[in-house]
Amino acid sequence: MKIIKVADSTEMSKTAGEMIAEKVRANPEIVLGLATGGTPVGTYQYLIEDHRKKGTSYSRVSSVNLDEYIGLPKTDPNSYYSFMKTNLFDHLDINPEQTFIPDGSAADLEEECANYERKIAALGGVDLQLLGIGRNGHIAFNEPGTPFESRTHVISLAEDTIKDNARFFSSPEEVPTKAITMGIATILESKEIILLATGKSKAEALYSLVKGEVTEDFPASILQRHGNVTIIADEDALSLI
Ligand SMILES: O=P(O)(O)OC[C@H]1O[C@](O)(CO)[C@@H](O)[C@@H]1O
C-alpha cells in the first residue's frame, strides 16, 4: 500500500483530485468508482474546478457508486443519488445515463443487486475506485462481519454508522437502517483504489487498515491484499502509524 501523508483535508482533496483528473485525461473512457460521505466532497470540488479551468472532459466517462440508502426517494437531499448530483454530476459534462447508483427504492432489491453487478461487469469493471472509511472499518456500507467474498447486497447499517451519519439528518431516527452496497469482492476487483481519510477520529481505523490483522471484523483490512491501493490521509488520520 502506498501512503501519501498530507497536512490537512484541503491538501488531501487537491492531491486526490489531481490524481483522478490526470487519469481521466489519460483515459477519457475510464470507469470511475465513486464514494459519498463527508470526506470526498473537497475532491469533487477540485474535479469541478479542474473541469472548468482546464477543460478535463467526462463526456465519455462512466461511473458507478458504492452504495445507496434503502427507503429514501432519489429526490431526498440525503439520498446518495442527490448527493452525487449536487456535489459532482451537475457540474461536469458527464452523461447522466453513464452514471450508476444502486436504486434503493427498487421493488425487488435482490434483483437490483444482481443488476448492479451485471452493470459493473458490462462496463468492464471499475478502473479507479475512490473509497472513504468508516470508524468501524467499513468500506462502502460493508459493515464488520461482512464476508470478504460478498458481492452487491442489502445490508443493515451498524449502530455506529447510523450515529456517525446522523450529522447529515435532522435526527438519528431519520437515518435509514438499511442500504444497498457493492460487496467487498466487488470493490476488490477494481484495478486501482484511492482511499481518503482525515482527522483524529479516523486514526484508529487507519492503524487497523494498514497494520492490523486481515479480518472480516474489520472490512477495510482486506485492502492489504490488493496490489494497487493508495491512501491519501492527513497527519491526524495517520497519527498512529
Ligand atoms: O467520509 P465520512 O462521512 O467520514 O464517511 C466515511 C464512510 O462512511 C460512509 O459515508 C458510509 O457510512 C461511506 O460512504 C464513507 O466512505
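Glycine too: its Cβ is placed from the backbone N, Cα and C atoms.
Heads up, TrEMBL stuff is auto-annotated, nobody curated it.
In the three-state DSSP classification, Asp67 (active site, proton acceptor) falls within a strand. Here TrEMBL flags Asp67 (among others) as active site, proton acceptor.
Residues or ranges marked as active site, for ring-opening step by TrEMBL: Asn136 (among others). Reduced to three states, the DSSP call for Asn136 (active site, for ring-opening step) is coil.
Of all Cβ atoms in the shown protein chains, 26 besides its own fall within 10 Å of the Cβ of His138 (active site, proton acceptor). Per TrEMBL, active site, proton acceptor is recorded for His138 (among others).
Per TrEMBL, active site, for ring-opening step is recorded for Glu143 (among others). In the three-state DSSP classification, Glu143 (active site, for ring-opening step) falls within coil.
TrEMBL lists 12-229 with the feature domain 'Glucosamine/galactosamine-6-phosphate isomerase'.
A simple way to gauge crowding: the CB of Asp67 (active site, proton acceptor) has 23 other CB atoms within 10 angstroms, across all the protein chains here. Long-range Cβ neighbours of Glu143 (active site, for ring-opening step) (same chain, at least 6 residues apart, Cβ-Cβ under 8 Å): Gly134, Asn136, Ile155, Ser156, Leu157, Ala158, Thr161, Pro219. Distance noted between the C-alpha atoms of Asp67 (active site, proton acceptor) and His138 (active site, proton acceptor) is 12 Å.
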